[in-house]
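Taken verbatim from TrEMBL:
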ACT_SITE  173  active site, glycyl thioester intermediate
BINDING   158, 161, 439, 442  Zn(2+) binding site
COMPBIAS  556-579  compositional bias 'Polar residues'
COMPBIAS  582-594  compositional bias 'Acidic residues'
COMPBIAS  595-606  compositional bias 'Low complexity'
COMPBIAS  630-641  compositional bias 'Acidic residues'
CROSSLNK  164  SUMO1 cross-link
CROSSLNK  236  SUMO1 cross-link
CROSSLNK  418  SUMO1 cross-link
DOMAIN    450-536  domain 'Ubiquitin/SUMO-activating enzyme ubiquitin-like'
DOMAIN    549-636  domain 'SUMO-activating enzyme subunit 2 C-terminal'
């Protein structure tokens, strides 16, 4: 067999002529681009909407301090070309969800490789690759843990074949600029605690993010930022802690800066609020004027346990003030240069995070949470680790080479563990699962049943909460299957805006009605069956009850499988203190080398003793015969002897 370099001749030719799409140029993306060009791939397109921040420099090695503020995709291209000038790389400083990147765009590529940090973009790329008929290699890391898998239409599960737990990794610009869920505000409040009283971390900035790419969606503005100054030291940063010290940790000044001035500054970034409800600044004086003073809520007047009460805004402002004063005194007692460590079991620290998070929730029009809820949602931050990104990016290339060799049946889902399993393996390969026939994305005829109250759900809610948020559509068109083709929602701007505030029942939608939702960008059609219910659970607007992927239950006697976030290699990772409360990356901690990745997405702890199994034994419904290739072919498994 002829060999060119380290690759067989035919494979080397396929590598040199293929064209790849890399989505994301962050922690995994930088390592992946380096690996691809050094392997021999020369035709690459890379897209990322983010800009380089100082906090990226400790792990995204294609970037330097002089690049801060510039486009990640553009700088990654420039850096790669320095050590591989013959490469043909196209960089896009943009969102992959932009309508310009349609199915025809994806069809240009031999395959796509994801290096993303959020599930919304993952869902979108998954659908675009299915529509274009190209393979997708999905990946993610969280701390020391990681995962790589291959998605091929009609051959393997797609990314959405199995339900994903709520995302627990969030982009920094979401935390700082556009929180949409209570957990975003809780993470922000924890960051704020560290910025004021603890160890400052550039990854945990809380001030408005002026480099938010969405705030400068106009292509000319994006280009200007992408070509920002290369002069070292242009970026000036003011320490939040130093500013707070200069005020003597004055609670009122802190309150007005965080909840009034910073919010007013966010409102000047008007592009952020074109399709979002803008935040409403809070003013300390307005909460404590003479008329309101007598109305401040007394905790003892509320029924229920203290920690389970949700207070009003003025009471949370008062709690914020008291907790700042207490923490300030603790800091002074420790002396100059001292730092406090956030602990959910420390009352003043928990008071501070509860108050700050709820004030921010109120500003961004969310329902506030009790101290009990905030405490249960707050947890440890899982750091981004450069070596994990390096291992995962190497695995992505290995799977890509298998695809180019025409051996997709040899592709695997590979899990990277923190510690070796009983067989001394850090990397655990698992067979790829076939498509889920009930998947509402890749099934032959995608269909779901949604339970809701037709007299309460509006067209706007149908569009934003159900179609865009739940079913990850980008620009849906919806019609009633009533023989008339009545249009409820049009993706053409302004065409059906008059319908937005009307209830769906006003259009004749009732129990057993059927809707057809089309997203032409994703080349995706979903049939929605309406199940009317007068009695929905409290704070539940709708529920998906049929034709949606379901997890296979795991028997108590089966091997436990830990589950963590398949996601961002960057940014905040709120979670509880145990890894199994994370989502998406499945860590198989057993003496077997394979597991059904689709059935293993469960969170449970087990203290039961593990037993050595015969070679061909299968463990319940979550295990499959282990993959035991000959030793000489065991290229992607690391054994620690």
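Placed from the backbone N, Cα and C atoms, the Cβ positions cover glycine too.
Taking the Cα atom of each, residue 442 (Zn(2+) binding site) and residue 164 (SUMO1 cross-link) are about 16 angstrom apart. Cα of residue 158 (Zn(2+) binding site) to Cα of residue 164 (SUMO1 cross-link): a span of 12 Å.
DSSP states for the domain 'Ubiquitin/SUMO-activating enzyme ubiquitin-like' (450-536), grouped as helix (H, G, I), strand (E, B) and coil, give 19 helix, 28 strand, 40 coil.
In this structure the C-alpha atoms belonging to residue 164 (SUMO1 cross-link) and residue 439 (Zn(2+) binding site) are separated by 13 Å.
Within the set of recorded positions (161, 173, 439, 442), the lowest number of other Cβ atoms found within 10 Å of a Cβ is recorded at 439. Other Cβ atoms within 10 Å of the Cβ of residue 158 (Zn(2+) binding site), summed over all protein chains shown, number 24. If you measure from the Cα atom of residue 418 (SUMO1 cross-link) to that of residue 439 (Zn(2+) binding site), you get 31 Å. For the domain 'Ubiquitin/SUMO-activating enzyme ubiquitin-like' (450-536), the predicted model reports an average pLDDT of 92.
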